[in-house]
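Chemist: There's a structure below that I have some questions on.
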Amino acid sequence: MKKQWIAGAFGLTAALAGLVSVPQSALAWPSFAAGYEEARESSGKIVCANCHLAVKPTEIEVPQSVLPGKVFDLKIHVPYDTKIQQVGADGSPAPMQIGAYIQLPEGFTVADEKEWSAEAKESIEKYGGVTPLYADKPERSNILIINQIDGSTVPGQEFIVPVKPPDPNAKDAKVNFGKYGVYVGANRGRGQVYSNGVASNTAQYNAPVAGTISAVQTGVTFTDKLQYGLGTEATDFEYTNGTRVTITDEKGKASIVNIPPGPKLLDTVKQGAQIKAGQPLTNDPNVGGYGQEERDIVLQDPQRVTWLVAFLAAAFICQLLLVLKKKQVEKVQEFEAQKQGL
């Protein structure tokens, strides 16, 4: 069943997955989700949605059933318009980045390289492979991430992950045969909110109060405290060539809105203009978005499959014998009818 979550409904104070990092070469990191004890909440929402506020499709492909130890390919398609560029950390256009969060059933692992299909090997050579989200917790090695990468380097905008199912018949097995869920979240572009709730330069900026725009300054330098993942310390980041809008309310109190480079001021935002609380000051520069999908996969018992095949074969033989017997009876009846001159 397809589930895509609109992050705004869940607030803006959670840690981000895939949000901007200071270096231009590190535009977004799904690894920020590691700050959560559970990156996939009980509601089914993956925490990446907390900071990627736009909804975009994510498509996954897995087989309906698999056998123990039989490697299969998990395919994750992250579609986007290749003509569009995202807003970089300095406000300039930058290549669209894509990344993914993958939660396999417990016991399912990434296959060894010698077991990869040719298609999976070619894909991994392009995007670099998966990384455990909780590197310090081997028991949670089924939760993986694909860190942000330039989407133009990923053929077909598709990640392929070779997965090996466990064998419940193994001596130390902790899993059973049955149905399990595979959960995937994928984003394209940077997030709109940092871990501490501060908006990034891919967010739309609104007026915090109603009043009169008393000043509009361009080319402004200012500093914001940005937190790059839950549990990390917020650090100062200096924006240059930003915009500062001052709004004075009816009591004469001034509110200042510092806008980093990236969002563009609307034509209506001019000195002396009247504005309402919540009214947009800028356009929405975000061209990316996040989506998540889940699929059921059945870990089949080979013995059960064998018995099923045997049962179907026996049923087929029985039906065949019945057909042959019926034809035999019909021939006997036809012969007796001819003998009696009927």
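For all residues, glycine too, the Cβ spot is worked out from N, Cα and C.
Feature table excerpt (Swiss-Prot):
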type     : residues      : note
SIGNAL   : 1-28          : signal peptide
BINDING  : C48, C51, H52 : heme binding site
TRANSMEM : 305-325       : transmembrane segment
Chemist: Around the C-beta of C48 (heme binding site), how many further C-beta atoms are within 10 angstroms, looking at every protein chain?
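Modeler: Excluding its own Cβ, C48 (heme binding site) sees 32 Cβ atoms within 10 Å.
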Chemist: For a quick check of packing: other C-beta atoms within 10 Å of the C-beta of H52 (heme binding site), how many?
Modeler: 30
